[in-house]
Each structure stands twice: as structure tokens, then as C-alpha cells.
Amino acid sequence: MERLLVLVRHGQSEWNLKNLFTGWKDPGLTDQGVAEAHKAGEQLRDLKLNFDLAFTSVLSRAQKTLGIILEELDQIGLETLKDQALNERDYGDLTGMNKDEAREKFGEEQVHIWRRSYDIPPPGGESLKMTAERVLPYYKAEILPRVLSGKRTIVAAHGNSLRSLIMELEGLSPEEILKRELGTGTPIIYRLDEDGKVISVQDLAA
Ligand SMILES: O=C(O)[C@@H](CO)OP(=O)(O)O
């Protein structure tokens, strides 16, 4: 039985382009982000992948990316579950702030820690650990059982909500996840065994 799980971060958003901390805000995709979503769909189509089920967040940048990918796969209308558990990490007081201005104000190191560390939250926001505390229970309750039953599944979500899931899937340490970046609109293909352990990973960004 095929146990297929594909993760894809949304295409470039308007706030990615403006270099603003986004979190739970809901900007749309830029033209480049739309093109990235089409390319992701084409890549998956070229690999002859099809899906039985999709998951995404309640934010439009992820939903729109998923919709474009499904369009490329001729799977418009595929059963899709949307849940805020898959939302991007909440950036709290940094939301809407320019990342370079934040580096000037707080220092490069502090901003890197807030952006990429495991358990240090930005002021008023969520750490990656806190994000994982909502992503992983949802994954284990709603996504994994369906993948293990043979439902070929795609999850379109966000850089940090997916990093928290990848940390679990790939057994990464807090030091390793610190260095893990996800490009916009680039699918990562996982195949799992019957226990949900990763057998293979194919990062289409690579
Ligand atoms: O601003 C955000 O919400 C995230 C993702 O775009 O940014 P970062 O990659 O810096 O965590």
C-alpha cells in the first residue's frame, strides 16, 4: 500500500515580497507566488502523482496555492479539510513589522532566534514548539490515520507550521530545525511505512 504525504508551503505572498512578518495575517499571493503554485502542480503532475485528500490552513495564501496545484493536477474539488491548526506560527508583536527593521531594532541574532529557534517565542507570539503543540495533535488525529489507510494526501500550509511537522517526521533536533528553511511553493514528498515512519523524502526544491 502507498502511504504518500506531500507537504507544500504556499507560494510567495504579498507580505513575503514586502519582507513583513506575516503570521496569522491574511495577505494574498503575488504573481510570482501564483506562478510558484502552478510550477508545483506541474512538478507533481510530471511525477504522475494524484491525491485522494487535501489539508490546508484557514489562510488564503495556503488555500489559493492548494487550489492552483489541484487545478494543474486536474483535481479541482478534491476533498479538502481546512483547519487553523495548520496556520502559520503567530508572530505576535512582530506581525506586520519589516524584518530588516526588526533586525536594526532588536539585532540580527535576536531576530534569527525568534524566527528559527525551537522554544523561544517572538514577543506575544508562538515559538515553533507552541506551533507544534497545535500542528502535531492535528496531524496525528486527522492526517496520519488517513495516510496510513492509503489515502494519498497533500498538505498546503506555511513555513513554520510545516517546519514543526517536518521536525517530527524527520526526527530533527532543535539545533537541526534551526537551520531548516522551506522555499515558497516547493513540494516535499514523503513516503511512510505502516507505522508512519518516513521511508523516503524527495524535496523538489533540491
Ligand atoms: O512572516 C511569517 O509568517 C514567516 C513566513 O513567511 O516568516 P519567517 O519565514 O521569517 O518565519
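The backbone N, Cα and C atoms fix where each Cβ goes, and this holds for glycine too.
The annotation active site, tele-phosphohistidine intermediate is assigned in TrEMBL to His10. According to TrEMBL, the active site, proton donor/acceptor annotation covers Glu88. Per TrEMBL, substrate binding site is recorded for 9-16, 22-23, Arg61, 88-91, Lys99, 115-116, 159-160. Feature annotation from TrEMBL assigns site 'Transition state stabilizer' to His158.
Taking a C-beta cut-off of under 8 angstroms and a sequence separation of 6 or more, His158 (site 'Transition state stabilizer') has the following same-chain neighbours: Arg9, His10, Ser57, Leu59, Arg61, Ala62, Leu86, Asn87, Glu88, Arg89. By the rule that a residue counts when its Cβ sits under 6 Å from some atom of ligand 1, the recorded positions Arg9, His10, Gln12, Glu88 yield Glu88.
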